[in-house]
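I have a structure here, written as structure tokens, and I will follow up with some questions on it.
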Amino acid sequence: MARGSRSVSSSSKWRYCNPGYYLKRPKRLALLFIVFVSVSFVVWDRQTLVSEHQVEISELRKEMSDLQNLLEELNNMHGGTVRKDDSKGTTSKSTKEVLNDPIDIERREKVKEAMLHAWSSYEKYAWGQDELMPQSKSGVNSFGGLGATLIDSLDTLYIMGLDEQFQKAREWVANSLDFNKDYDASVFETTIRVVGGLLSTYDLSGDKIFLDKARDIADRLLPAWNTPSGIPYNIINLSHGRAHNPGWTGGSSILADSGTEQLEFIALSQRTGDPKYQQKVENVITVLNKTFPDDGLLPIYINPHSGTTSYSSITFGAMGDSFYEYLLKVWVQGNKTSAVKLYRDMWEKSMKGLLSLVRKSTPSSFTYICEKNGGSLSDKMDELACFAPGMIALGSSGYGPEDSQKFMSLAEELAWTCYNFYQSTPTKLAGENYFFHSGQDMSVGTSWNILRPETVESLFYLWRLTGNKTYQEWGWNIFQAFEKNSRIESGYVGLKDVNSGIKDDMMQSFFLAETLKYLYLLFAPTSVIPLDEWVFNTEAHPLRIVTRDGGKPVKNSNEKQKPPRIGGRKEGRSG
């Protein structure tokens, strides 16, 4: 295409329509030929309409700039809409979005660069270990040496199109990942990070090594469900299979720990055709449903022998949160059929209970979710509970019009509160929890920030479901606060205090698995991991939606679908 004031001649047009022109340039994808021709014809036809004479220099340069952006986007980013493994070479509808949103492209690239910085630091200083301590420039095996950060990052690398990094990580999984550890593992953490991470990567890539590894670790976790009630113990030795509960719970199982394996184990049964995984985790829901209260709110402690709840607090924060999340998401995972209607019914009861916990602060009228202890409410909200706006928004469409709007409005109000958890501190990063006092609005309680994703997660859902770009702006502000306060030469760290900005020495694996992934998707076309085809586990690992028929597992479901055309915790825990 000509530059300057020269018009596009017929010979020039056909030069760019010649496939050989692209074959001589190996970096050009076949798709670029199609897009290039389309845009070239648009430019040529436009010039024809002005009597095939000279076009304004500024107009022609704009066309060139737009086209160049598109070529670079498609060529360099698999995190958009096209991957090399797309055998049909089909483009998605997001081409127009890419052209029209240069700010999104720029921001997406900034998040991708942040992921590269985090990953390269992990690769350099903690390769194969669970987590990186950036200031110490060393690794720590906080999850028994299962390579938690590496496995947690697999699908993020894949979605962002970081192929070289992904392939190196894949080789480590194939050749070095060993689950035969004499280590007492958290069933919850191992499920959401390791089982979920491996299954998601299998669903994305179609590479069976990830399914085989997911099955290996799941088999080691299964004895935890061998209790009189079927409510699992929350700790298990990966080598010996001995299961128990932590001493500080008084022998009880934790609600979130026991009710946050359904997505992963149902998916595993679907992918392998072996029903045992699904049966174990669905029995938990059956047991809890027998005594499920009308308000759908369960205390955080459950007796694994009787299956009944113990007197303890009720919360959508630490130790309660993801149980409610999974009630909704198993319904989504099963494609909202009658086979999974029980989950939706239980979730709607829980939303009635949530409404009873909602209060507004004074004087600014921030909407927040209380915690409940016996008959009294505590005006405290964890940042962990900031997953709730996204969950509520996701579930709002299952209601009739009036209730749907009511719950979407609640989601938006809660998201505003969660965003202000960040905006209210000197560092613009949120503390771990907040208290609401009459006449004083919110005040930070526990003041650390460990790179948590929950607020960004909700902003992602609200952006996807409403199209309101305000949520992108809020997410970008949060990302910039992380860049300013948490980025150091050797990775990302949390803050010991969001008021002073004093740094800690840990890069949590969920920063790569969740926080950066949700930020990236916040600026990606909506066709990248579309919500009608994928459901995210509580560690942000996307799993394919598979229609449930009568509750029976679908044998080898992934074999019936091609890898996607992409390039495109919730518990009280430090992970």
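For all residues, glycine too, the Cβ spot is worked out from N, Cα and C.
Caution: TrEMBL annotation is automatic and unverified by curators.
Note that the structure is predicted; figures quoted are calculated from it, not measured.
Pulled the feature table from TrEMBL, pasting it below:
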{"type": "COILED", "residues": "50-77", "note": "coiled coil"}
{"type": "REGION", "residues": "78-98", "note": "region 'Disordered'"}
{"type": "COMPBIAS", "residues": "82-98", "note": "compositional bias 'Basic and acidic residues'"}
{"type": "ACT_SITE", "residues": "E189", "note": "active site, proton donor"}
{"type": "ACT_SITE", "residues": "D321", "note": "active site"}
{"type": "DISULFID", "residues": "C386-C418", "note": "disulfide bond"}
{"type": "ACT_SITE", "residues": "E432", "note": "active site, proton donor"}
{"type": "ACT_SITE", "residues": "E454", "note": "active site"}
{"type": "BINDING", "residues": "T538", "note": "Ca(2+) binding site"}
{"type": "REGION", "residues": "547-575", "note": "region 'Disordered'"}
Please tell me which one of the recorded positions listed here (C386, C418, E432, E454) sits closest to E189 (active site, proton donor), measuring Cα to Cα?
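If we rank C386, C418, E432, E454 by Cα distance to E189 (active site, proton donor), first place goes to E454.
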Rank aside, I only need the closest one: which of the recorded positions D321, C386, C418, E432 has its C-alpha nearest to that of E454 (active site)?
C386
Looking only at the coiled coil (50-77), what is the model's average confidence as pLDDT?
45
Return the residues near C418 (disulfide bond) by Cβ distance under 8 Å, restricted to its own chain and a separation of at least 6 in sequence.
E383, C386, P389, A430, E454, T455, S458
Given a separation of at least six residues and a C-beta threshold under 8 Å, show me what packs close to E432 (active site, proton donor) in the same chain.
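Listed in sequence order: D382, E383, L384, G445, T446, S447, W448, N449, I450.
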Please identify, from the active-site residues E189, E454, the residue with the sparsest Cβ neighbourhood, meaning fewest other Cβ atoms within 10 angstroms.
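Result for the active-site residues E189, E454: minimum number of other Cβ atoms within 10 Å at E189.
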